[in-house]
Structures are given as C-alpha cells and as structure tokens.
Ligand SMILES: NC(=O)C1=CN([C@@H]2O[C@H](COP(=O)(O)OP(=O)(O)OC[C@H]3O[C@@H](n4cnc5c(N)ncnc54)[C@H](O)[C@@H]3O)[C@@H](O)[C@H]2O)C=CC1
Ligand SMILES: N[C@@H](CC=O)C(=O)O
Ligand code: NA
C-alpha cells in the first residue's frame, strides 16, 4: 500500500468545504493521478458545530490552526482561512517550521508576506503552492511557472476579480442597483470576508502582483501597484459606455518597460465585442504574452466553491506526485526588487463630471482640456432636473500626466462639482 499524503485543512468556509467534498468524492481518481491516496487528518475553523454540508466526523478537530499546522500526522498544511496576517500567517509559518508543505488560496497574505514566506519555505526545503489564490480555478500560476517557463514574459493582463465582474455585468444586464447585486454576490460566496478588498480593486491587485512576480522574476511589490476600485462606477457610466460600444471592466495590466515595472489595476472601458468585453458574471480572463509563445488567453471561473477547491486540489496532487516548484517559479532569494514605474502609455479617456448649470460652464471645461493639451473626441451634456448637469467627455489619446493637469484645471474653473470620474479606454 502506498503511503498516503496527509493533509490538514484550516478554514472550512466556501473553499475549505469545497476541498473536503472533492477529497471525499474523488478519492480513487485523486489517488491514481497523484500516485498515492490523499487523506485528511485534521481540520480547523472558528466554529466547530456548524452544518457545512460535509461529514467531518472522521477527522481530528483543532480549535487553533497553529496547533493543526504542527500536527505530526499531516504532511501538507492547507490554509483556507484568509487574511494577510493573524492566524493564516502564524499557522503558515508554524507549518513551514514544522517541515510541512503549504497550499494556500490566500492572495492577501502572499501579496504582503509572500517573499518572506517563500524564503522561509525554501530554507526549510518546503514548497508553498497557491494556484487558488489567483483567478480561482484557472491554472494561471501553473501556466506561468511551468507551461511558459521558457519565455520572456512581456505582459500580463486580465480581469481577476469575479465579484467585480459579476457586479458590473449584472448591473448592466438586469438594470439592478449596485447594492442588490452586491448582496447576490455575497450569497453566492464570491466575496472576501472584507468586501472592500473586492470592490476596492485590492484583491485583484494582490493577484496581479503575484503574477507579476512570477512573470518578471521580481519580488512581489503590491504597494507599487496603481490601484482603483469600482466604487465610483455608476449605472449611468455603464449605460454611457454601452451606448458607445464599450463595457466597463476592472482590468489589470503588468509589464516591464525600460523605465521599470508597471502594475495597474483599475476600471477600464473595453470594446463590448472583444473577448474581455464579453466576459460575464464571476468569470475571470487572464492574458499572458511571451516572446516565444505569443499570446495565451485563459478564461474560467475565478471564484466560488468548486472552481477554487479545484485549484487547491491541483496543488495538493502536485505535491503527492513529487512535483516541487519554487513559490514564484525561481528561488525566492534570487528575486530582484523591481523598479516601479508609473504606467505611461497614452490612451483615450472617458470623463464624467457634474457641472454647475450656467452659461460658459462647458466652454470652461473645454478650455481646461485644451490647456492640458487634451483633444476632445466627443462631449455631451445630459438632460437633468438638479442644479448640476451631468457631462460626458471622451478624449482622444492622452497621457496620465496631461489628465492630471486637466483635473487641476477643472478644479480651478469653479464650475466642476466634485472630482470627475476618469476611466481609461483600453485597446485590447
Ligand atoms: N471564496 C472564493 O471564491 C475564493 C476564496 N479565496 C481565498 O480562499 C480563502 C478562504 O476563502 P473563503 O472560503 O471564501 O472564506 P470563508 O469566509 O467562507 O471561510 C473562512 C474559514 O476560515 C475559518 N477561520 C477564519 N479565521 C479563523 C481562525 N482564526 N481560526 C480558525 N479558523 C478560522 C472560518 O471559520 C471559515 O471556516 C481566502 O484566503 C480567500 O481569499 C480564493 C479564491 C476564491
Ligand atoms: N473575492 C474574490 C474571490 C476569489 O479570489 C473574487 O471575487 O474574485
Ligand atoms: Na488559479
């Protein structure tokens, strides 16, 4: 009888319960593919007596995930609690120190502590695997670390937060308000424990920073990411974009330029007919570009029980097989600190602002754009009942610096109310 690979699971929420279900339902298939059975020795969660739709009676229970991580009867610690610090980090460190391999879905922890954890794991001759942490069920970490290992990666791009994509597409298709769709996403298990991580773009930014580290051989540098969430996107923006043949996506782009590593995660308008524009619901899409392979497009479920548990199991099965890949695809100690560069490529922009409804207001806005060297493609004032008028401007290609200059100009006009919404129109 082959020795089983014994796992301990900390966290029995959406993802943890999904992992237990796969281990129980697919035992034979997993044993064949991994070359040995995979068994669960112990589990941990905040609440012991809770119906999770799975039978946990065969497994030991630990209240403390750190104690679980150190148990002698586990080989792999599966961290599915979440949170960048606290018990997730403490238990991961304890697991490595106790000689366990680690599988985690925790992008928040890795975006902040990935370098230190990877170095600790490598010093202990252990692995940390995190396929579930980026784009859920899409095997993008494996694609970059293994399938594309022979390429110089030139760009990584994509939609990597299922919740945001679900919210944006449901608002448009059903004409539903943000709050209603947000509740639906919550009921479907897409949301992070702290939902501002999702709608603030932080979760997607964490994911992109992990992919950038692998792609460009640099240390994870999440603080350098230019970040903007979807909180200011209104149903009006969605409708205006649709009128012009665009859809709004929370889009991430990372690329290495002569000036350094550019990383940005922000709402963008993309052509409605493009593959990214057609992405519905919690689906993610990651576009990888390599010098030898050209462009690879990966599309699939980025969140939810089954897809995320699928990715966790892929990592566990890899460990059962004896596949050992460095956390970020190469030894962590050799990863260089990236030089952060502000994204500089010119693009057209969509601007929405509220104007005092008085003579000359539009002319002042046009003048502020002109002074910033920005040429107007389209400009429209919408019918309104309030004292301020909603105005939409689509610019020709311009730079971020010019846009900042124009923003300062808007503030000085005395007719622009609040800060205008500016959304980049991305050629994808
Ligand atoms: N839900 C999803 O679709 C996806 C989630 N992830 C990641 O997977 C991880 C888990 O996410 P979910 O399953 O959605 O979370 P969840 O909130 O549904 O479950 C979290 C589990 O961890 C347990 N837990 C939390 N703190 C604990 C502590 N101090 N001690 C013991 N147990 C504790 C909770 O009791 C619960 O069982 C997170 O890192 C998340 O970012 C990644 C990809 C997709
Ligand atoms: N909250 C995340 C879950 C997966 O990472 C998302 O919505 O994509
Ligand atoms: Na993945």
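Just so you know, glycine gets a Cβ as well, placed from its N, Cα and C.
Because TrEMBL annotations are produced automatically, they should be read as predictions rather than curated entries.
As annotated by TrEMBL, active site, proton donor applies to 207. In sequence order, 107, 111, 133, 134, 135, 160, 161, 252 make up the list of same-chain residues 6 or more apart from residue 207 (active site, proton donor) whose Cβ falls under 8 Å from its Cβ. Under the DSSP three-state reduction, residue 207 (active site, proton donor) is assigned to helix.
Residue 17 (NADP(+) binding site) carries a helical DSSP state (H, G or I). In the structure as shown, the Cβ atom of residue 17 (NADP(+) binding site) sits within 10 Å of 22 other Cβ atoms. Look at TrEMBL and you will find 10, 11, 12, 13, 14, 15, 16, 17 tagged as NADP(+) binding site.
Here TrEMBL flags 107 as NADPH binding site. Counting every protein chain shown, the number of other Cβ atoms lying within 10 Å of the Cβ of residue 107 (NADPH binding site) is 29.
All protein chains shown were included, and the count of other CB atoms within 10 Å of the CB of residue 192 (L-homoserine binding site) stands at 19. According to TrEMBL, the L-homoserine binding site annotation covers 192.
Per TrEMBL, domain 'ACT' is recorded for 350-424.
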Measuring CB to CB from residue 10 (NADP(+) binding site), give everything in the same chain under 8 Å that is also at least six residues away in sequence.
16, 43, 44, 45, 65, 68, 69, 77, 78, 79, 80, 81, 87, 88, 91
Note the mean pLDDT of the domain 'ACT' (350-424), expressed as a whole number.
92
Non-local Cβ contacts of residue 12 (NADP(+) binding site) (under 8 Å, 6 or more apart, same chain)?
20, 43, 44, 45, 50, 52, 54, 56, 80
Whole-number Å distance between the CA of residue 15 (NADP(+) binding site) and the CA of residue 192 (L-homoserine binding site)?
11
With the Cβ under 6 Å from ligand 2 as the test, give me the qualifying entries from the recorded positions 10, 11, 12, 15, 192, 207.
192
